[in-house]
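Take a look at the structure below.
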């Protein structure tokens, strides 16, 4: 039996787990007993990807198609009802370089054990422009690849939605990362109006299999390849946009305090956090020395997890998921935010993604009576 493929996905951003001791005197002032900390896992994320208008190498990739398409056309564009779907030409390439203000993001897919790849592999969903996006890759040897084996790449946009009212105009660039000095990345781009009937597009013939597994080409190292999808969203229709907050930027009339985590300044509203958290209320408005500090360091937390906590507490009210519930329970308890603990408890009552034994442990540890 072949060894299972090791797949990891990343979105832009990243951080490290650090261990310090701060705010303990604030918690003592609130007569709370500190709970045992959980170990956390950080994604090995990178900085935002680099959009480009270059096509990179010149391998034949065939036409743009859906993952389950059966078309064998080899033209530079494919008609699928309305509208027309085009491969990225000079006009689209220029557009990528000039749309600096549009919503965009990068998704990364690491594929290990490439030579034993048998089934389609995907990233988890990542939110861009308030829509879920997922990058997928697989091998294909069908009529539409002229019965030759190819490495195929696709992007899914909002594939689980049953609504026919939404649409999203976007530019997508696939990038096969070079792992050999002197060899350029291999890219391919297209534009599409994603919708209920057009939520999955990509290249069945992205690169011939013999090319991608050839070490001389520079794309594979230690049986591992890295694929990225850079997405620039131009227009979204029929999707309700939740309020979003950029905590690294000062917002007039909204930001009146700065918390520093791992050297990153987060601009927050003291009064708003104090309403939710007795710990922050004591920190900002009691007689502790931090009250007079312009920038208050917060230690013993992970930057990405704390930002997630802020997004749950702030009016965006980001939902609790199986991916964030554990550290949100820890942070909700650490800062005594009952709203977060209640939201986590409600999620755990309804989800089947968390084992019952784990739920019972958390129920006991965080006093979640409804979960017991």
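Using the three backbone atoms N, Cα and C, a Cβ is placed for every residue, glycine included.
As annotated by TrEMBL, compositional bias 'Polar residues' applies to 1-11 (among others).
The compositional bias 'Polar residues' annotation in TrEMBL covers 18-31 (among others).
According to TrEMBL, the compositional bias 'Polar residues' annotation covers 67-76 (among others).
Residues annotated as domain 'MATH' in TrEMBL: 104-231.
According to TrEMBL, the domain 'BTB' annotation covers 255-322.
Residues or ranges marked as region 'Disordered' in TrEMBL: 1-76.
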Tally of residues which DSSP labels helix, strand or coil - the domain 'MATH' (104-231): 13 helix, 71 strand, 44 coil
Summary of DSSP states over the domain 'BTB' (255-322), given as helix, strand and coil counts: 30 helix, 13 strand, 25 coil
